[in-house]
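Remarks on the structure that follows.
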Amino acid sequence: MAAASNLSTLSSSSLSKPSSSFPFRNTPTNNNASFLHNKSLPNQNSLSHKLSSPLPLACNPKNQNTCVFFDDEDQKPREECGVVGIYGDPEASRLCSLALHALQHRGQEGAGIVAVHDNHLQSVTGVGLVSDVFEQSKLSRLPGTSAIGHVRYSTAGQSMLKNVQPFLADYRFAAVAVAHNGNFVNYRSLRARLEHNNGSIFNTTSDTEVVLHLIATSKHRPFLLRIVDACEHLQGAYSLVFVTEDKLVAVRDPFGFRPLVMGRRTNGAVVLASETCALDLIEATYEREVYPGEVIVVDHTGIQSLCLVSHPEPKQCIFEHIYFALPNSVVFGRSVYESRKKFGEILASESPVECDVVIAVPDSGVVAALGYAAKAGVPFQQGLIRSHYVGRTFIEPSQKIRDFGVKLKLSPVHAVLEGKRVVVVDDSIVRGTTSSKIVRLLKEAGAKEVHMRIACPPIVASCYYGVDTPSSEELISNRMSVEEIRKFIGSDSLAFLPLDKLKTLLGDDALNYCYACFSGKYPVEPEELQMKRLGVAHFNWDDDFNGNFESIDVGGWVTNQDGFKIGSV
């Protein structure tokens, strides 16, 4: 999300008084971070003495994590964002742009990079794909040895430039940029408190901005501890990367909802990214995940680690393996490709059916379909061809024209389908309307039978950890039985991946995943659900800012010549 331009810098007085304006900026600066080729991990206790209340060190290495959105057009879960951080490479910004290319599937509506050169932070952000935002001329404006980057996916109305990350802030005492993958479930209450108690002025509609306001109001020293203190107020899902004039910092939430990995290039440069596919592209060797609750600090002295908040049971997002991550990534210590292949094999074992061919809804259903076909002993063929040139913004006022949307994206191969009993494997069903169109498309192409197999359990609850899902009332699996859904979409049979079999596949790691979208049981209760539980219709977040003038007691009213009332004391 892009910082708003032409805003005042935070003054020393504004830090202590509740009238503080926020120091967002969108103008370039620079910053040159010194670098040490240190391939060993320094003492992890080295930061503990700086904390006013020592934090527990040594996070559990089993912890790891994700982010997301549901598209009104194809109704698939959409990854809300991806993050990258690089320290110690003279080509940091260019490597950052390449890594963002690898993470493009996690967000297509905006991209940004902040680089550090000569003790200045400089930003380039834009709306669109990475290739559109970062042509060579823009990358040449981002010299330096450290950088962070972000790709964003948002719902309609939130794609404006000011919401494109990384966010960049100038404080009186330092400058910092942040990129965020996740969602703060206590964002509204934090923002209300900051506005009411500190006079904070927000410049975006993003929850990420609250982090920078928390840093501004923190009383901790040195600056690194302001970041740590700010993160201690956050609840929900977050994988954060920060860059300052001399440091690269990564923070992962205690539950490890969102993934964040660390690697190294051969020159010793440290790389942080949402997925290992980004490391692979820029020839960085995977080292490990950033543990849930861990803070990683990279500077010229090396790498330091401390634990923000430890948690005995991580709650990593299972949908990372079902849909979000690329198949060539390793997420939460598991191969995404192998996970999806196993999902398909389980479907073939648990829900077999007589068929002639197995096809996939491309691209996310392909690997599960391969697993299904191999287990069932039935040939896999490419029965649907996906067009990669149709944007999600294809919206027409006429329903008759709008119905062409699926046909624009998916074209049936008649030679594969005609007269065949077809098993079609997809990753999920959300509202069900797209599935019904796919079934109709296949039957119109000559399929004798269409059997839908879904490589995840039924989605019955909304996600509050970085995914813009429909309300529970809109989720078809929350309203209908499997048989009712089958009739609705028009398939000859329908089966989902059983949740208990999914957990069995995960083995000892099963307790370390979040299944809230399948069960409605949330590891961290969102504010929206708290309101429902307490019987509160809504919280008054605006503090009556837009209240009636007549209710303001200012010692009487006077009227000017135009009849406009002015308060007088």
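If you go along the chain as it appears here, the first residue is 1 and each next one adds 1.
Heads up, the Cβ atoms here are built off N, Cα and C, so glycines get one too.
Quick look at what Swiss-Prot lists:
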{"type": "REGION", "residues": "1-51", "note": "region 'Disordered'"}
{"type": "TRANSIT", "residues": "1-80", "note": "transit peptide"}
{"type": "COMPBIAS", "residues": "1-21", "note": "compositional bias 'Low complexity'"}
{"type": "COMPBIAS", "residues": "22-45", "note": "compositional bias 'Polar residues'"}
{"type": "DOMAIN", "residues": "81-301", "note": "domain 'Glutamine amidotransferase type-2'"}
{"type": "ACT_SITE", "residues": "C81", "note": "active site, nucleophile"}
{"type": "BINDING", "residues": "C317, C463, C514, C517", "note": "[4Fe-4S] cluster binding site"}
{"type": "BINDING", "residues": "S364, D426, D427", "note": "Mg(2+) binding site"}
Cα nearest C81 (active site, nucleophile) among binding-site residues (S364, D427, C463, C514) -> C463
With DSSP assignments reduced to helix, strand and coil, which class does C517 ([4Fe-4S] cluster binding site) get?
helix
Rounded to a whole number of Å, the separation of the Cα atoms of C317 ([4Fe-4S] cluster binding site) and D426 (Mg(2+) binding site) comes to 19
D426 (Mg(2+) binding site) versus binding-site residues C463, C514, C517 - nearest by Cα:
C517
Work out the three-state DSSP category of C463 ([4Fe-4S] cluster binding site).
coil
Using a 10 Å cut-off, grab the number of neighbouring Cβ atoms around the Cβ of D426 (Mg(2+) binding site), all chains included.
22
Cβ atoms within 10 Å, counted per site: which of C81, C514 has the most, among these recorded positions?
C81
